[in-house]
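TrEMBL annotations:
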- 18-39: transmembrane segment (TRANSMEM)
- 51-69: transmembrane segment (TRANSMEM)
- 90-234: domain 'ABC transmembrane type-1' (DOMAIN)
- 154-174: transmembrane segment (TRANSMEM)
- 257-280: transmembrane segment (TRANSMEM)
Amino acid sequence: MSSLKGVWSLLAPFHKRFYLFIGIAIVYETLGVLDTYLLSFSIERISSADIQMLFFWIGAILVFDEIHMRLDNKFDWEIVVEFYYKMYEYLNVRILKHFLGMDLSWHHQQKSGALLGKVNNGVDKVTDLVMMLEWELIPTILQLSISAIPLSYINPWCTLLVFVALVGFVTLTIKQQAVQKPYREARYQLYEDSWARAMDAVTGIGIVQLYNAAGEMQRQYEQIHKDLKSQGTSEVHIGIYRYNRWKIRVSSYARRAILGLLLYQTMLGQISVAELVFAWTLTEKLMHSFWRIARLVDRIAESSEGIKRLVDVTNLTPNIVNPQKAQTPHHEYCTITLKNVSYAHPNGTNEPNEDCIRGINLTI
């Protein structure tokens, strides 16, 4: 969660636009829930056997689809144009400004060229994370909240089961990330070692060839990647075979219990077949949302290292207050004077060297 806090403080100029996006998302997801109800309502229209009303209903659905489509376009426009491109520009310009504001000793100590590459990777991680928040997490949370209202009306126990399953699912996901964290940190360290080793080999190719060290460099590089594969395999094994199995069980048990409750209500005549279809469609959507939340938690964990570097750099205080008005450093000057100096060049024989240049007077 520290990654999300860092991103939120980093993107302070975009907060107002974010609140506007939330409003658009609420309307968009509300229409999505209404779209889910269209099938159930259509079943009821067919049962009325009114052809004229049926055509009117189809026309109303087409109008609804047009409105929903235009709102979907606005939703995508906000994410891509108003957030992604503007945010990408803002972060990169801010990073360059910070780097230009630091003094020369800091650049040497931090190896700023390599650090800039890592920070730019952090910018990519932030933009990817924000895009996923807006395309995945926020719509999912809104969908869960809005869908719970009609589902609670049909059967409150179904809603309770959904949210109990959600708590269990999220708890398993958080525990999974905690167990995988040491493997992930080791994996990212190996990524950096691999990159540094490859850069050293290429930039120092002259020395590598001079001392015939290409084979040894390649062997070390291959060993890093073997270790990387080993760490990654252990991390994935924990996720798939230990935690994903339990998450699937939690989701499956909740879905089957809800299906049983809905079928029981239908058999007793408490709800119609159309309401059964509507409630089950909502349940399927809600259960599918669990995996979207899990993917976001995975993405946050994957992005944490790059985001941490980015936030740390932006929190630095520039040593140069105004780089454009920075004063030129003053140096003490010295004078070198040559008087009546002669230069000679050896002639390659046993004869005395002949003077080539005589009587030079020079002041530097």
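The backbone N, Cα and C atoms fix where each Cβ goes, glycine too.
Beyond the transmembrane segment (51-69), the same-chain residues lying 6 or more positions past its ends with a Cβ under 8 Å from any Cβ of the stretch are 31-32, 34-35, 38, 41-42, 45. DSSP places the residues of the domain 'ABC transmembrane type-1' (90-234) in helix, strand and coil in these numbers: 137 helix, 0 strand, 8 coil.
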